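*Asks:* Structure incoming, see below.
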Amino acid sequence: MVSPAYAEPVEIRRGKKINSPNRNGAQDIGLSPSSFNRQNNINRLAASPPLAQSYSQLSKSQPYSGQNALDSHLSSSGKFPVTDSSGSFNQTPETFAIDIPKQRQAEIVKKHLVTEDDLAGNSEHYGSSGNNHALYSTSHKLPGGDATHEVYKWHAEIENAPMKRTRSHSLHLPRPTDPDTSNIREPGGFRRHHVIMKARQAGKEPPNIITRNFIDFLTMYGHFAEATPLIPRERATEGGTATPSKAVFLLLKSFVGTGVMFLPKAFCNGGMVFSSVVLVFIGLISLVSFLLLVQTRLHVPYGFGGIGGVLYGNWMRLAVLFSITISQIGFVCAYMIFVAKNLKSVAEQVMGIRTDLYMYIIGQLFVFVPLAMIRRISRLSFTALIADAFIMFGLLYLYYFDISKLVKDGVSDIKPFNPEDFALFIGTAVFTFEGIGLIIPITESMKEPERFPGVLTGVMVFITVLFTSMGALSYATFGSAIETVVIINLPSDDPIVQTVQFLYALAILLSIPLQLFPAIRIMEQGLFEKSGKHDPYVKWQKNIFRFLTVVACALISWGGASDLDKFVSLIGSFACVPLCFLYPPLFHYKAAARSFGAKSLDVFIFMFGVFSLFYTTYITIRKWGENE
């Protein structure tokens, strides 16, 4: 931002004010300097015919003689002559001024001032508000408002002053008595006076100032700020500190959960060969989508929803947030069903308790409701560490059991392709790989973000191998008898199996609050204007809302428990496909794609996402209806 105290930057590039339309006050008075070379612009502005023509346009009703008067004082080189102390010209010969009526100056300056509507994002152009008091009040809300306060104050005084008889428009040179006192009341005038006097007292030449004051400068050159900020914006968050190894750990936490336990049943729905090939393809295209999002963020440094808002408008931001909310609630519901099924199996074998599945779903409310009241996600981090350890233990035991049974009994009855239910596999596969919501946060957390694509690629290769091998081994082990949750197929009378089932269920139970947290925060920000930190009434409203959200998840889980595989496929098709295959290519296409190949890749992924969204969602709903 150019300070009104000293309006003499080395170079001013014509362009838009930051976040503003292309406004140029010089165009309003006929000036169009291409650069800010002092001598060239003085010569051009003082001696060129366009200047005389522009002022002739400003005063069509009055004869213009300023150019002739000025020409008589120009030397052959086009420079202003320097006179002695008794002469009639300013001792700073490169200072010149334009006499435009104050009201006209105020009109031009107003186009560069920020209004209340601009702050709210409702105005197309700066200075569109007709309320001068609002303009004056707005200045205090702006960054650097103390520096620009005088400009807003000057504008308010001029606009609110009674109209006076205007002077003739002319170009004149200030007299020797002008510089020190005549402009001291103008914005930045006191500071200029101080700088000049201090230089004279030190026996130095006063700095050459192009115009009498900042208002003249703003009126003539039409630039209140450069196109590029002089001071870079501070980062919203501090620089990341995470190492690549920590990023690997965070990515594994985001991808490995219950989805891997649903994959064996998904392999049964799709067939061994079809499922293996498609799962690898889904993993590859998911990786490409994640990398597209990372590349887009380099051009638009915002969060997932913020990128959509910047590129396509607020409707896209809301669409992204809606998809995130639906997917997270879907994960929570699927997790609650998973936990209920495992706890029911353990309770029946260990304690001999036989009750309906919905009782185990309702019982989880006593755990989730208190945890849902936690406002800071960092306080839930301890549950994630415990959950990861339990999940790892369960996966290792399942690998051991599958390999042992295959060696002992051989491959069970399997199909290479299942033409009836193969569409269900696609939704479950997308559900398993969904973790795009954490891609940007993990990138920002890294100390060396440029290494993230390599880290992400390595993790995706690893989990693709993990998911494919787990699904194929378990399907080959149990065949068509596979359960929706593969752990249920393990011998229930084995104490080790009972321990695995209980610990895995506990791991997912502890993960549910983390999955629910983003959805609750997004919905709260849309429903509540106040945080409730200092308002008990608002806080209790939010508590009731969180309680009702958890209850709603339990009711949805109850309704989807009978067909968990179809429920998971529906979540993957309807909620996860847009996040993985629609939004990233759309964002990349508009923000970063430059070559034909890059644009073609974006279009291909987008079309695949559209097909997956509508076809698999339709098939899943139809299959669900047939069972009913």
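Each Cβ is built from the backbone N, Cα and C atoms, and glycine gets one as well.
Bear in mind that the values here come from a model prediction, so they are computed numbers and not experimental data.
Pulled from TrEMBL, these are the listed features:
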REGION    1-38  region 'Disordered'
REGION    53-88  region 'Disordered'
REGION    165-188  region 'Disordered'
DOMAIN    241-621  domain 'Amino acid transporter transmembrane'
TRANSMEM  272-294  transmembrane segment
TRANSMEM  315-337  transmembrane segment
TRANSMEM  357-374  transmembrane segment
TRANSMEM  381-402  transmembrane segment
TRANSMEM  422-443  transmembrane segment
TRANSMEM  455-482  transmembrane segment
TRANSMEM  502-523  transmembrane segment
TRANSMEM  544-561  transmembrane segment
TRANSMEM  567-589  transmembrane segment
TRANSMEM  601-621  transmembrane segment
*Asks:* For the transmembrane segment (381-402), which stretch among 272-294, 357-374, 455-482, 502-523, 544-561 has the most Cβ pairs under 8 A?
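*Replies:* Highest pair count goes to 502-523.
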*Asks:* Under a criterion of three or more Cβ pairs within a distance under 8 Å and sequence separation of at least 6, are the transmembrane segment (272-294) and the transmembrane segment (544-561) in contact?
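*Replies:* Contact between the transmembrane segment (544-561) and the transmembrane segment (272-294): absent, because fewer than 3 Cβ pairs are under 8 Å.
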*Asks:* Please check if the transmembrane segment (544-561) comes into contact with the transmembrane segment (455-482), where contact means 3 or more CB pairs closer than 8 Å and the residues in each pair are separated by 6 or more positions.
*Replies:* no
*Asks:* With CB pairs under 8 Å as the measure, which of the listed stretches 357-374, 422-443, 455-482, 601-621 comes out on top against the transmembrane segment (502-523)?
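*Replies:* Looking only at 357-374, 422-443, 455-482, 601-621, the most contacts with the transmembrane segment (502-523) come from 357-374.
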*Asks:* Six or more residues out from either end of the transmembrane segment (601-621), which same-chain residues have a Cβ under 8 Å from its Cβ atoms?
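*Replies:* Distant contacts of the transmembrane segment (601-621): 285, 288-289, 292, 423-424, 426-427, 430, 566, 569-570, 572-574, 577-578, 580-582, 584-586, 588-589, 593.
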*Asks:* Within the same chain, where does the transmembrane segment (357-374) have neighbours whose Cβ lies under 8 angstroms from its own Cβ atoms, ignoring anything closer than 6 residues to its ends? I mean 6 or more beyond.
*Replies:* 336-337, 339-341, 343-344, 347, 380, 509, 512-513, 516, 520, 543, 546-547, 549-551, 553-554, 557-558, 561
